[in-house]
Structures are given as structure tokens and as C-alpha cells.
Amino acid sequence: MSEQPAPYGGTPAVEADESRERVRIGHLREMKQRGEKWAMLTAYDMYTAATFDQAGIPVLLIGDSASNNVYGNETSLPVTVDELIPLVRAVSRSARRALILADLPFGSYQTSAEQAFTTAARFMKEGGAHAVKLEGGLEMLPQVETLTRSGIPVMAHIGFTPQAEHALGGYRVQGRGEEAQRLVDTAIAFERAGAFGILIEMVPGEVAARITEAVGIPTVGIGAGNGCDAQVLVWQDMAGLRTGRLPRFVKQYADVHGVLHRAALDFAADVEAGTFPGPEHTF
Ligand SMILES: Nc1nc(=O)c2c([nH]1)NC[C@@H]1CN(c3ccc(C(=O)N[C@@H](CCC(=O)O)C(=O)O)cc3)CN21
Ligand SMILES: CC(C)C(=O)C(=O)O
Ligand SMILES: [Mg+2]
């Protein structure tokens, strides 16, 4: 792969090199110590996983956002463990180097540390995940402690936590004013409980930067400004497959919707005109 030119003129930020070793959580911590920022993307299937892995993205997240971005639900709430595990398996089979991070969906970890362990173990045994992510605040400390003690790396997702959107009153920035210190304290508590990273969603940039300085583990921001150690976006957002109004924190790097729309129109036009298949496609 590495000897091939990047298709469509793109220059990879990181040269593809399939011989490179698997990304480990220790590497992410070392990158923080060296001040090297890194990118995370969601992936839900084989070709996106392989493509992002070859581009050198060190962490691939199978998000519970598959609920809206794969299964067509309006929110992340309905997606189940049984729906997510096959997607995790597709991604883990297809990425040679990236660390495979699986979201625990709504309802699969909140009631107890035991429930969190049972669910996380399924994601690892059946899905091939290397680590899991869960949403919440200090009430999730037992879950983080138990997973860590059991040898399951866990990332804590704080700030705007989409699984709690109804409790939070919709898609709203979190951690303004007095709430800022609470988020800093929560992140420190998660680090002490053994979390390997903190995901910070929709929090003022200056608050996310304070959290990032307060902990020794990497922070991954989405809508949390430029002060985090890493950044994540949902791939259909950053690649322009999803259309319509996008959250303010999204930057669109491609027009995949436009490319696919054009391809579908051209294919249909060829079929309707009788010009596809041609002799070269015919046995
Ligand atoms: N495609 C997709 N992208 C995401 O980033 C994403 C998902 N799905 N699904 C799960 C959660 C839900 N997330 C969301 C969804 C909507 C907004 C949103 O509409 N934000 C507005 C309002 C912010 C405000 O006014 O406070 C924005 O303009 O950013 C933000 C995060 C992030 N996650
Ligand atoms: C938006 C990211 C952080 C996420 O949790 C997801 O994709 O589910
Ligand atoms: Mg999620």
C-alpha cells in the first residue's frame, strides 16, 4: 500500500505503513507528553476502517452514533449491544494498526459496575475491541474502576453526553460558569479511577484546555476547542456524506455525498441509455 500514490491527489498526513506496530494506550500517553496531537474518527464498517487505518488515524471509534449514522434513528438512545457488536467486529478485522475503541450504548452499563463489565467483555470477546468508552460523571467511577481492574482500558466521555440528551435538555454546550470546575474535578477523578483518556464534548474551549492541563491522560475533544490532546469527528460529518445542517464544531473535508450522488446518476443514465454494460464488461 505505501508505495502507491494517494488516490485522487490527497496527501496523507501520516504515510501509510502497514508494518507499523499496533497503537497502544501507552503510545497515546507518550504523545501527550511529547505534545503531539492526534486524530480519532468513527468507523462502522470494513472499507472506512481500512481507509482511515491506512491514513494513519491511531484510534477508530465505533460510536453509539451508529444509531443515527448507520441505523437511521433520530438519537443514540435506541441502538443495542447486539446491533453494535457486528460493526465493531467489521472494524477490528479491517484495521491493522489502529486501536479499536467501542462505545457502550445507552442502558448497557449504567446500573452497575458488573453490568458494565459484562457488556465490555462482550465488545472485546465478540467484537475484538481493545478499549471501551462510556458516558457520565462521578456516578460512573465504580464502572471505570472495575473495568480498569479487570484489564479493560476505558475512556470516560464528559460534557455533553448524548445518551443523556433528555436529562440535559437537548444538544447544549456544557460546563459554562460554575459547572467548569465540576468538569475539571470529574476528569481528575476518572484519571485516578484508571481511565486511559477523557472525551470532552461541547464544552467551552478554555474549560477543555483546563481539563487537558489538569490530567496526565489524553483528552479527545469534539466541539471542545483546540486545547485538547486529540480531536474526534463522526466520519460522515467530516467527509460530507451527511447533508443538512451540521453542528458548528464540524469541519467538512470532502463532498462524499456529491461524489456518490453523481456516481448514482451516471450509472442510472448509462443503464437507461443502454451504454452499460459495454463489451469490456461482458463475458
Ligand atoms: N452525525 C453525528 N455527528 C455527531 O457529532 C454526533 C452524532 N451524529 N450522534 C451522536 C452525537 C450527537 N451529537 C450532537 C448532535 C447535534 C449537535 C448540535 O446540533 N449542536 C448545535 C447546537 C449547539 C448549541 O447551540 O449549544 C451546534 O450548532 O453545534 C451537537 C452534537 C454529537 N454526536
Ligand atoms: C461523537 C463521538 C464522540 C461519539 O461518542 C460517537 O460517535 O458515538
Ligand atoms: Mg458516543
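Positions of Cβ are set from backbone N, Cα and C atoms, glycine also.
According to TrEMBL, the features are:
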- Asp64, Asp103, Glu135: Mg(2+) binding site (BINDING)
- Asp64, Ser65, Asp103, Lys133: 3-methyl-2-oxobutanoate binding site (BINDING)
- Glu201: active site, proton acceptor (ACT_SITE)
Spatial neighbours of Ser65 (3-methyl-2-oxobutanoate binding site), counting only the recorded positions Asp103, Glu135, Glu201 and Cα distances within 10 Å: Asp103
Determine the binding-site residues, out of Asp64, Ser65, Asp103, Lys133, Glu135, lying near ligand 1 in the sense that the CB is under 6 Å from one of its atoms, and give them in sequence order. Ser65
Hits among Lys133, Glu135, Glu201, i.e. recorded positions with CB under 6 Å from ligand 3, come out as none
Cβ-Cβ distance under 8 Å to Lys133 (3-methyl-2-oxobutanoate binding site), same chain, at least six residues away: Leu61, Leu101, Ala102, Asp103, Leu104, Val154, Met155, Ala156, His157, Leu199
Can you grab the distance from Asp64 (Mg(2+) binding site) over to the residue listed as 'active site, proton acceptor'? Cα atoms, rounded to a whole Å. 14
Determine, for the 3-methyl-2-oxobutanoate site, the additional residues of the same chain whose CB lies within 8 Å of the mean position of the CB atoms of Asp64, Ser65, Asp103, Lys133; present them in sequence order. Leu61, Ile62, Gly63, Ala66, Ser76, Ala102, Leu104, Pro105, His157
